[in-house]
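Copied over from Swiss-Prot:
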| type | residues | note |
| --- | --- | --- |
| DOMAIN | 29-285 | domain 'CoA carboxyltransferase N-terminal' |
| ZN_FING | 33-55 | zinc finger |
| BINDING | Cys33, Cys36, Cys52, Cys55 | Zn(2+) binding site |
Amino acid sequence: MFKDFFNRTKKKKYLTVQDSKNNDVPAGIMTKCPKCKKIMYTKELAENLNVCFNCDHHIALTAYKRIEAISDEGSFTEFDKGMTSANPLDFPSYLEKIEKDQQKTGLKEAVVTGTAQLDGMKFGVAVMDSRFRMGSMGSVIGEKICRIIDYCTENRLPFILFSASGGARMQEGIISLMQMGKTSVSLKRHSDAGLLYISYLTHPTTGGVSASFASVGDINLSEPKALIGFAGRRVIEQTINEKLPDDFQTAEFLLEHGQLDKVVHRNDMRQTLSEILKIHQEVTK
């Protein structure tokens, strides 16, 4: 009896904890800042252009919300809305991933293009949306951007492009890489016509996008703390066998080293663009 008592297996006691992901932030009503973790009302955050009230972190804006923020009400006309990607390399499950992102975002591709007016001044615009395949650049992105640039050239309009991309889209291989040169040629024609191109880099702008149309603006702007670069930090450190500065590949680092003209807070975005367009309008009269 006593032998059995001492050999008896003790039952382990566990505390059951609910998954915090399920009840941390009410869906749709509240939004958590990805940087400081502060929880805010989604509506109030949207009114502040998705800039955190606590830490000033610039949370990503959707393409349509950004266009709304920089244009006169009702002035935006979208181009090539229905253009979608094919699967030229028969890459496994690529089309399924495209369809999933289309359902999630309501977009057909990772860029929205068209014309709009800001304080009565007409301009062409392209806005990348990183929710769709991380804004990766494929054939459709290249084609849509080239079409709006060519339209701006033919109609003598300034052009504003907001970049947000992880780079080239690997599922389209060399066709994706070709878009770097293709978009650059269209921008060269736009420049040769004496027209203004404003490149506005947002978080993140990397890879083939940073090495092509994002870096060749007549004026290059960026949002605070945006990640901007070509290769990843770890790859560079391993290649050169050196430790990089903590602020390497940030907008502020690029501004300090002459690769940006200005870092613009999102609340100043509309006013800054309006002032630049007014100057361009005056000198081209």
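Cβ coordinates are placed from backbone N, Cα and C, and glycine is handled just like the others.
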Among all chains shown, work out which of the binding-site residues Cys33, Cys36, Cys55 has the most CB atoms within 10 A of its CB.
-> Cys33
Residues near the Zn(2+) site, Cys33, Cys36, Cys52, Cys55 excluded, by Cβ within 8 Å of the Cβ center?
-> Pro34, Lys35, Lys37, Lys38, Phe53, Asn54, Asp56, His57
For Cys36 (Zn(2+) binding site), just give me the three-state DSSP call.
-> coil
For Cys52 (Zn(2+) binding site), the same-chain residues 6+ apart in sequence with C-beta under 8 angstroms from its C-beta are Cys33, Lys35, Cys36, Lys38, Met40, Leu45, His58, Ile59
